[in-house]
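Peer 1: My questions all concern the structure below.
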Amino acid sequence: MEGPADILPSTLKKSVVDAKLLLVGAGGIGCEVLKNLVLSGFKNIEVIDLDTIDVSNLNRQFLFQRQHVGKSKAKVACEAALGFNPSVTLKAHHDSVMSQEYGVNFFKGFTLVLNALDNRAARNHVNRMCLAAQVPLVESGTAGYLGQVTVIKRGVTECYECQPKPAQKTFPGCTIRNTPSEPIHCIVWAKHLFNQLFGEADPDEDVSPDTADPELTGDAAGSAALSEPAREDGNVERVSTRGWAAQNDYEPRKLFRKLFNDDIRYLLTMDKLWQKRRPPTPLDWDTLPDAVAGSSSSSASDSSLSDQRLWPPAECAAVLERAVGRLKEQLAARPAGDHLVWDKDDENGMDFVAACANLRAHCFGIRLNTRFTIKSMAGNIIPAIATTNAIIAAMVVFEAFKLLEGRLDDCKTVYLNRQPNARKRLLVPCVLEKPNPKCYVCAEKPEVTVRLDVSQMKLQALEERVLKAALNMVAPDAELLDGRGTILISSEEGETAANAPRTLAELGVRDGARLRCDDFLQNYELIVNIVNSTELPDGQEFEVVGDASQLQPAAPAPAPADGEAGPSSADAGGSAAANGSGNGAGKATTTVDDDDDLVCLSEGEDGTGTDGEVPTATTTVGTPAAKRPAQSDQGTPPAKKRRALSGSESPEVIEL
């Protein structure tokens with residue numbers, strides 16, 4: 001009887017059978033990739049994922065069933081995949097890929113690494129580990145209907161960190177439900193709550209505390225879920241949020257008590273969540289503050305636009321009460337079984353989300369935002385879609401096949417767009433970019449410049465917020481290149497603890513100082529050039545700049561001729577990451593927050609000229625391939641062009 005690998009070309013079959021693969025992530029994309037791998041004849045696969053299975057995963061992560069809730073995603077995925085091909089050797093790691101256990105030698109044991117992750121920090125780490133181990137990496141990601149797959153190989157292609165990434169629009173469910181730390185987390189939660197009460201309810205948008213949080217004990221979470229009755233289709237039978245609200249006639253004070261008092265008290269019983277975090281505070285309707293901390297009542301009342309005025313918590317409760325009453329009436333006026341659709345331009349729906357987001361933010365000690373700001377943020381939230389994951393997972397395996405055949409030149413970056421382009425393509429393959437010579441990760445001698453105030457920046461902040469958060473190190477050491485080799489930061493616990501509360505100036509760090517920073521786990525060394533500055537924008541502690549020349553005033557560049565692209569991001573010589581900055585318009589800056597990395601080609605373009613010619617960086621074409629952030633429907637002209645492949649004679653056939 002033929003095995004899965006027997007259908008492959010003879011040149012590929014042996015490579016597939018002999019290959020040892022590491023799959024990082026066993027969620028939406030990871031489940032699809034693992035299924036594809038075992039059905040394609042791969043014999044030796046290891047899977048690593050820290051997460052546990054939640055009920056909300058069951059609608060798209062098809063390797064999991066109700067009885068698996070609370071268990072390790074990696075372990076259950078491997079067990080389920082054996083049902084497709086029992087001859088495969090699978091090994092599961094229920095752990096973080098950033099653990100010290102998985103060092104460079106661990107990665108060197110694999111033929112290929114396939115990423116199916118959902119956060120920036122882990123992607124950065126795997127990127128660096130694969131560069132250090134010189135193992136090819138297939139990177140992938142999805143956001144709604146958009147997806148992307150690319151291949152990364154040291155010295156041949158750009159690495160994951162060669163180019164700046166747009167801001168993240170997707171977040172782990174446990175963060176939304178249990179441990180929000182940013183306003184956007186509260187806004188996502190509020191939108192989910194709207195759908196649970198008035199819209200089309202989705203299990204992925206559960207707003208109740210998540211007992212399957214990876215930081216909690218998986219067995220307890222699973223036991224809690226399994227104690228609930230199940231329907232014949234295997235899903236957990238629960239009283240829906242809308243059903244509970246209807247039973248209580250959508251009484252605003254009862255809703256308030258459940259959401260901002262009872263659920264918060266329940267979260268407080270999850271002790272592990274609050275060992276290193278500020279615990280939330282339950283709210284009481286009758287004792288809500290009627291002023292916003294840090295703002296004067298006069299400034300609030302003088303605002304000419306109500307949308308741009310911060311509502312104090314007491315006013316948020318009043319707005320919530322009014323919005324719930326009106327939304328209840330709108331829902332009642334619809335046919336039985338129908339639902340409302342949230343729209344940022346609908347006054348009642350927007351009031352509901354703004355009030356709930358700020359009340360939740362108040363619980364967790366997160367800054368409140370104006371209705372105007374919340375409206376702009378709420379319009380850009382992207383859902384997970386199973387079909388997108390399946391398409392991207394297939395592309396991951398196709399690129400893996402090419403690498404195993406030694407056809408690196410044929411590997412592509414593949415974009416999945418919302419709508420077919422002018423050549424009727426949803427999938428657009430593009431040539432891989434060369435490494436950015438000024439990338440502070442994969443360059444031959446990585447350097448980066450950090451602008452900060454040495455008299456104010458403490459060493460602990462340098463380690464936690466600059467080296468770890470902004471530069472994505474895991475266990476950094478830092479040495480001052482002062483001729484004496486002064487050790488400022490040591491990854492050995494307690495060795496330099498006395499330095500932590502001291503400022504950089506007190507430790508001898510001056511303007512122009514150079515720090516040699518290395519991470520033994522990532523096998524990564526970086527020279528950090530310090531530029532002292534007391535003129536950082538308000539609210540910023542530092543700014544990371546890929547190229548020190550960016551700090552010099554630049555002469556105005558001549559406007560490009562019609563049809564020509566502007567300067568590329570690679571030509572600009574790196575990127576900047578400013579703590580607390582915005583989107584960096586005009587300054588190539590990105591925030592330190594975990595970011596998503598999806599981009600897509602401008603709709604209607606695939607990078608070919610009118611005669612199908614493949615444009616180069618200097619080719620002037622009427623419709624260049626424009627790369628833009630995935631969340632942008634329109635966008636400004638891109639900073640960089642991707643060269644798309646001219647396809648086959650038939651526009652319906654995609655050459656990958």
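Even glycines carry a Cβ here, placed using N, Cα and C.
The feature active site, glycyl thioester intermediate is assigned by TrEMBL to CYS174. Taken from TrEMBL, the feature Zn(2+) binding site applies to CYS159, CYS162, CYS439, CYS442. The compositional bias 'Basic and acidic residues' annotation in TrEMBL covers 229-239. Annotation comment: TrEMBL describes 592-608 as compositional bias 'Acidic residues'. Residues or ranges marked as domain 'THIF-type NAD/FAD binding fold' by TrEMBL: 14-439. As annotated by TrEMBL, domain 'Ubiquitin-activating enzyme SCCH' applies to 339-375. The domain 'Ubiquitin/SUMO-activating enzyme ubiquitin-like' annotation in TrEMBL covers 450-535. Under the heading region 'Disordered', TrEMBL lists 200-239, 284-307, 550-656.
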Peer 1: Looking only at residues six or more beyond either end of the domain 'Ubiquitin-activating enzyme SCCH' (339-375), which have a C-beta under 8 A from one in the stretch?
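Peer 2: Tertiary neighbours of the domain 'Ubiquitin-activating enzyme SCCH' (339-375) are 180-183, 185-187, 189-191, 193-195, 198-201, 256, 259-260, 264, 278, 280-283, 292, 305-311, 313, 316-317, 319-320, 322-324, 326-327, 330-331.
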Peer 1: Across all chains shown, how many C-beta atoms besides its own are within 10 angstroms of the C-beta of CYS442 (Zn(2+) binding site)?
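Peer 2: There are 22 of them.
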Peer 1: Given the recorded Zn(2+) site (CYS159, CYS162, CYS439, CYS442), which additional residues of the same chain have their Cβ within 8 Å of the Cβ centre, ordered by sequence?
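Peer 2: The surrounding set, listed in chain order, is LEU131, GLU158, TYR160, GLU161, PRO435, ASN436, VAL441, ALA443.
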Peer 1: Including all protein chains displayed, how many Cβ atoms other than that of CYS439 (Zn(2+) binding site) lie within 10 Å of its Cβ?
Peer 2: 21
Peer 1: Counting only residues 6+ apart in the same chain, whose Cβ is under 8 Å from the Cβ of CYS159 (Zn(2+) binding site)?
Peer 2: ASN127, LEU131, ILE152, PRO435, CYS439, VAL441, CYS442
Peer 1: With every protein chain in view, how many other Cβ atoms are within 10 Å of the Cβ of CYS162 (Zn(2+) binding site)?
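Peer 2: That number is 25.
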Peer 1: So how many other Cβ atoms are close to the residue listed as 'active site, glycyl thioester intermediate', meaning within 10 Å of its Cβ?
Peer 2: 20
Peer 1: If you run through the domain 'Ubiquitin/SUMO-activating enzyme ubiquitin-like' (450-535) with DSSP, how many residues end up as helix, strand and coil?
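Peer 2: Secondary-structure breakdown of the domain 'Ubiquitin/SUMO-activating enzyme ubiquitin-like' (450-535): 18 helix, 29 strand, 39 coil.
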Peer 1: Measure from the CA atom of CYS162 (Zn(2+) binding site) to the CA atom of CYS174 (active site, glycyl thioester intermediate) and give the result in Å, rounded to a whole number.
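Peer 2: Cα-Cα distance, CYS174 (active site, glycyl thioester intermediate) to CYS162 (Zn(2+) binding site): 30 Å.
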Peer 1: Treating G and I as helix alongside H, and B as strand alongside E, what does DSSP give for the domain 'Ubiquitin-activating enzyme SCCH' (339-375) in helix, strand and coil?
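Peer 2: The breakdown for the domain 'Ubiquitin-activating enzyme SCCH' (339-375) reads 22 helix, 0 strand, 15 coil.
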